[in-house]
Every structure is written in structure tokens, then in C-alpha cells.
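Per Swiss-Prot, the features are as follows:
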type: BINDING; residues: THR15, GLY16, GLY17, ASN126, ARG169, SER197, GLN299; note: UDP-N-acetyl-alpha-D-glucosamine binding site
Amino acid sequence: MTVFTPLVLVCAGGTGGHLFPAQSLAYALKDRGIRVALATDARVDSIAGDFPAEEIVTIASATPSGRSVLRRAGAVVTLGRGFGQAARAVRRLNPAAVVGFGGYPTVPPMLAAQLLRVPTILHEQNAVMGRANGFLAKGARVIATGFKEVRGVPEKATARRVHTGNPIRPAVLAVAETPYPSLDAEAPLRLLVFGGSQGARVMSEVVPAAIEKLPQDLRARLHLVQQARPEDLTATQNRYLAMGLGGIEAAPFFKDLPGRMASAHLVVARSGASTVSELAAIGRPAILVPLPGALDQDQAANAATLAQIGAALSIPQSAFTPDRLAAELVDLFEAPRKLTQAAAAAKTACILDAADRLAALVAETAAAT
């Protein structure tokens, strides 16, 4: 006898911020005996190796933003092509439900599912609803949110909103109970600097100049791990080599980033939703530099969720100068109690079983079809 096992189509853009929580949900669904397929865009190749999907469908996608009318028009044409690809994939896969994690790459498959009357669930990772999710919210059965307070949810959709938290990937859960490292007077000071899955040039410009301004005794204790874009890597490494640091490691990408976060006394980073949620899960204090220029200022809102409880400092990029960063580092490293208190505060902001909560919601929705 053939036993029917439902399939859920998970839709996520090909960057870590969207893909990591989608991956966590996929593992939780598979634990429930639910099959998973992934719809994403062409950027996924470098980071989708561990995604537990029986099939990965690449959908044409583009973002219709910017001042160029031609570029926006071209993006709309690409999204239309992606819609055709997505509609064929949804018909072929016949999913019991489709889950979208935001970003324009999710629009074609989510919209195709809605038009084909397949139930859809949105997950909004940020503290401000993105434009793609806002567009899709009207047709979604459920809107799950990563943060308790989320701005921009359409008024007519608020009754369908459920706070699940942001799904935490297994690699983070594996180190989530790591105690905060000792910070006695002679212990190494472990600083981790990164800018999201694609790096951030501002970190390579500001952080080395700030480290140069630290007192020599702090520099001698400092063990620095920093993500740098490939084009910035050599210059960044060369600047640090002359500073007399206790240790330095720089690379374009760290596959073992959760473990490095757990080893750190302090993290300097952007404030994407995954970064903020993982800092809370592991319980590490941070200096957060929200990505500027976003129309909805989602990273600033994300950072505020930790800053408001004393778990992080949020510094706008316009104020993120070598002098400001050096002053904050000296203040924190010379007053270890501030760091330990911030670490404890961060822990209060996390929902460790968010993936299971979201999986239960998806399974319930799929079973109702």
C-alpha cells in the first residue's frame, strides 16, 4: 500500500538572511514526515548545499526598484517569466502548502500558489514587513512573524498574524547553550566582526582604524575574527598585522560562524533578522550597524529589539566612525560586567523552538487542504 506523504514548497531568496530560517523550517518539517521542495533564485548555489530539499527549483527573479525606468521594467518582465516557471512547478509538485520567507524571489511561486488555490503561509523575519510580503499578505492563510512587534502588517491581515519567532538553524542551536566566555583581567578579548552573508565594506573601513586607536594593552589581548569582502581581504589583513594583536583571522566567509559567535565576547555586525535572532539564541552582546538606505529601515527596527533591552548598541552607519567605535570598545572591554549583563539580556529575546512552532502551523494548514 502506498502511503501519501504531503509536500510543502518552501520559497526563499538565495541569501543567508532568507535561506537560513527556511532551512530550519525544512528540517523541522522533515522531522514531522513532511517532504520539502525549495523554490529560490540563482544566487542560492553557494549556500544551499545543506538544504534538506528533495528538489530545488530555480525561479527567475529581479527586484523592481531604483530610479531607472528601464531597469524597473526589466525586473517586472523577469518576474513575469518567473511566474510562468513557478506556476508550472506548483502544478507539477502539487504541494499541500507553500511557505514564503520574503524578498522578491518569493513573489512568483507564492503568487502562483495563491492563484492556483494552494494555501500559503508567509513568514516575516524582520521587525518591519517587507514590500514583497506586504504584497502577498492579502492572499495568505497565515502570517507568521519573527518579532513580537512588526510594523507594516496590512490592517486586514492582522487577525491572521501569529508570532512564532525566527527559526534558528541547527548549527546555531548546537551552540546555543555555550556559556559566556570568561572575562578576567588577563583573558583574551574575543571580537567577531561580520557584515551578513555577503559582507559589508564599512566594516573593513572602520574597524581596523578603530582598533588602531585602542590602548596597547587592549590590543595585545584582542583576538579578532573578521569577515571581509574578497576585494578588501588583503588590505584588511595587512593593516592588522602591524597592530600587535593577540590574534587575527580574516576571511570572506565563515562556514562555522555560529561557533565563532559562541566563542566571542562581543560581536560587531549588521542587524539582519537572522543575525539578531542568532545573537539572542547564543546570548552574545553586540554593536549593531543597521544597513542604511532601506526604504522601510528594517535593520534599524531589528537592532532596536536588542538595544531596547540592553543586549546591544545600535549605531547608525553615519555615526559609525573609528573614534566612536574605539570609545565603545574601550568602555565595554574595561567594564566586563556590561558585557555579561548584555549577554544575559540577549538570551531573553530568543524563541529557541521557533522552527517547531512554525512547522506546526504549516502542518496544520497543509492538513486542512
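Indices start at 1 and increase along the chain as displayed.
Using N, Cα and C of the backbone, Cβ positions are placed for all residues, glycine too.
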Other C-beta atoms within 10 angstroms of the C-beta of GLY17 (UDP-N-acetyl-alpha-D-glucosamine binding site) total 22
Given the binding-site residues THR15, GLN299, and counting only Cβ atoms in the protein chains shown, which has the most within 10 Å of its Cβ?
-> GLN299
